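Copied from Swiss-Prot, the annotated features are:
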- 5-238: domain 'PABS' (DOMAIN)
- Gln33, Glu108, Asp140, Gly141, Pro165: S-methyl-5'-thioadenosine binding site (BINDING)
- His64, Asp88, Asp158, Cys159, Thr160, Asp161: spermidine binding site (BINDING)
- Asp158: active site, proton acceptor (ACT_SITE)
Amino acid sequence: MATNEMWYETLHTGFGQYFSVDKIIYREKTDHQDLVIFENAALGRVMALDGVVQTTERDEFIYHEMMTHVPLLAHGAPKRVLIIGGGDGAMLREVCRHKNIEQITMVEIDAGVVTFCRQYLPNHNAGAYDDARFKLVIDDGVNFVNQTSDKFDVIISDCTDPIGPGESLFTSEFYQGCRRCLNQDGIFVAQNGVCFLQQDEAVNSHRKLSHYFGDVSFYQAAIPTYYGGIMTFAWASDNPALRQLDMATLTARFSEAGLNCRYYNPAIHTGSFALPQYLLNALAD
């Protein structure tokens, strides 16, 4: 459906961003969220949930490469990976590029998101849903990590912001469950918002994660759609060395994996753990 309307994001009060809507691709209120997918001339197809942009075709690769390749290459030998959320399929797509991984489980609370995105954002999953290693579980993420008997080497929480259905994925109950089902030397990562505008989210996540993990920090990337500066990703493990790998080790692992990335490289990996002083100060308070 062609349209000349403007779509305004409602994440922050007093300022924000807008998108021209060239064509509505899909719009529906699911059991959990109000979902819309539309065409924008600059960014391609855009998906928004509850008034907040989740992903665009133009810049999604930055987010998904950093959420996957940083923990997977830092670990070095992951066999079992858990994705919480990620219904658009792009996180799965990037994880599937690691051929040594044996099992990939994705837990998505909203089956509708998976269905919509497979049809209307096919470039995001790029066929990854058909990978033989993949298993989809429709469940609440908190419930899954606290009930499953499976163990994982890396857990990637591709959560929305801590409002609505995504709120539970920022709780101590969720973090404790993730710690419970991680193997030794396992790594947990999660999106944690744009820290200049959502600093409290980072501080709260750091405080809660520190109850369950010995080494908690953040790494970062600048993603145009998530305006306001750098986006921070929570990092939690019990092995500090995994966050401090030397360039030679990362370069060797990157080469062995045979990855051809558009944003990620070993130098970006190393530099992403350098955080601005205002965030370091907030975390130290």
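Cβ atoms here come from the backbone N, Cα and C positions, even for glycine.
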Task = For Asp88 (spermidine binding site) and Asp140 (S-methyl-5'-thioadenosine binding site), determine the Cα separation and express it in whole Å.
result = 16
Task = Could you check the binding-site residues Glu108, Asp158 and say which one's CB has the most other CB atoms within 10 Å?
result = Asp158
Between His64 (spermidine binding site) and Gly141 (S-methyl-5'-thioadenosine binding site): CA-CA distance (Å) = 19
Inquiry  = Whole-number answer please: how many Å between the C-alpha atoms of Cys159 (spermidine binding site) and Asp140 (S-methyl-5'-thioadenosine binding site)?
reply    = 12
Ask   = Can you tell me how far the Cα of Asp158 (spermidine binding site) sits from the Cα of Gln33 (S-methyl-5'-thioadenosine binding site), in Å?
value = 16
Query = Which one is it: of the binding-site residues Gln33, Glu108, Asp140, whose Cα lies the shortest distance from the Cα of His64 (spermidine binding site)?
reply = Glu108
Task = Work through the binding-site residues one by one (His64, Asp88, Asp140, Cys159) and point out the residue whose CB has the fewest other CB atoms within 10 angstroms.
result = Asp140
Query = For Asp88 (spermidine binding site), which DSSP three-state class applies?
reply = coil
Key: Glu108 (S-methyl-5'-thioadenosine binding site): secondary structure state under DSSP, collapsed to three categories   = strand
